[in-house]
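Per Swiss-Prot, signal peptide is recorded for 1-33. Per Swiss-Prot, the feature domain '4Fe-4S ferredoxin-type 1' maps to 50-79. Annotation comment: Swiss-Prot describes 59, 62, 65, 184 as [4Fe-4S] cluster 1 binding site, evidence class similarity to another entry. The annotation [4Fe-4S] cluster 2 binding site is assigned in Swiss-Prot to 69, 165, 168, 180. Swiss-Prot lists 97-128 with the feature domain '4Fe-4S ferredoxin-type 2', giving sequence analysis as the kind of evidence. Residues or ranges marked as [4Fe-4S] cluster 3 binding site by Swiss-Prot: 106, 109, 114, 148. Sequence annotations record features per position, and here Swiss-Prot assigns [4Fe-4S] cluster 4 binding site to 118, 138, 141, 144 based on similarity to another entry. Per Swiss-Prot, domain '4Fe-4S ferredoxin-type 3' is recorded for 129-158.
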């Protein structure tokens with residue numbers, strides 16, 4: 001568990017600068033507080049663009065994706081990179097309440113709002129579109145957490161750094177599926193390279209192009225987690241009253 005004793009000097013230096021900025025925010029632009037060098041980002045290949053399609057018609061809310069993700073990525077208790085939320089939606093002019101399942105995770109946007117707000121360039125987008133966090137640079141300021149419109153980030157209290165779904169990039173690079181995709185009982189989650197027209201995800205996105213939806217399209221983030229069978233109440237804006245996930249005690 002992170003204790004703060006071995007924090008490297010560059011992080012200490014930045015936190016000292018951040019304290020100065022906080023005291024005189026109107027005088028010094030945040031962008032001036034940086035690590036002494038800018039990192040080179042070469043991870044991934046521009047020949048690929050990874051995305052996920054979630055077929056809600058096949059999701060049963062079993063939370064196997066949540067459990068397998070937690071095991072694979074060793075997230076702290078009570079913190080999740082992905083989960084399936086249950087919502088209650090009431091139609092306008094109707095007394096009927098419908099229960100709706102909605103898997104949530106980082107949307108790996110083309111225009112990720114979490115990236116430009118990071119003062120130390122710890123959050124960045126790979127050339128294949130996957131958004132990741134460099135834990136060696138992250139100082140846990142939580143600016144990216146606040147900037148994410150999908151509530152997909154959190155501060156890992158063990159590492160004291162930002163945490164989120166990475167599409168299990170370590171598994172993708174080994175030729176494996178993300179833990180959530182591999183464990184999905186209903187086969188609701190599909191991941192692949194949308195630049196490959198023969199990939200399963202590209203084929204399905206084309207076949208169902210009139211039914212594919214994303215969350216909060218009005219934000220202009222160009223999310224790359226696509227939904228098939230998404231209730232209109234969750235498109236613009238995300239509405240409905242969130243209920244405890246099915247696996248939680250209520």
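Just so you know, glycine gets a Cβ as well, placed from its N, Cα and C.
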Message: With Cβ-Cβ distances below 8 Å as the criterion, list the same-chain residues six or more beyond the ends of the domain '4Fe-4S ferredoxin-type 2' (97-128) that contact it, or say none.
response: 14, 18, 30-31, 33-35, 38-39, 41-46, 48-52, 54, 56, 59-61, 65, 81-91, 134-135, 137-139, 141, 143-144, 146-153, 161-162, 164-167, 169, 180, 188-189, 193, 214-215, 219-225, 230-231, 233-234, 240, 243
Statement: Long-range Cβ list for residue 168 ([4Fe-4S] cluster 2 binding site), cut-off under 8 Å, min separation 6+ in sequence, same chain only, gives 69, 72, 73, 176, 177, 178, 179, 180
Nearest of the binding-site residues (118, 141, 165) to residue 65 ([4Fe-4S] cluster 1 binding site), judged by Cα-Cα distance: 165
- prompt: Name the residues of the same chain, 6+ apart in sequence, whose Cβ is under 8 Å from the Cβ of residue 118 ([4Fe-4S] cluster 4 binding site)?
  reply: 124, 138, 143, 144
- line: Surrounding the recorded [4Fe-4S] cluster 2 site, with Cβ no more than 8 Å from the Cβ centroid of 69, 165, 168, 180 and those residues left out, we find 65, 68, 72, 73, 81, 82, 105, 166, 167, 178, 179, 181
For residue 118 ([4Fe-4S] cluster 4 binding site), the three-state class that DSSP assigns: coil
Field: Inter-residue C-alpha distance, residue 184 ([4Fe-4S] cluster 1 binding site) and residue 165 ([4Fe-4S] cluster 2 binding site) (nearest angstrom)
entry: 16
Message: Below 8 Å Cβ to Cβ and six or more residues apart, same chain only. Which residues does that give for residue 114 ([4Fe-4S] cluster 3 binding site)?
response: 123, 131, 144, 147, 148, 153
Statement: Within 8 Å of the Cβ centroid of 118, 138, 141, 144, the other same-chain residues by Cβ around the recorded [4Fe-4S] cluster 4 site are 114, 117, 119, 120, 122, 123, 133, 139, 140, 142, 143, 145, 161, 162
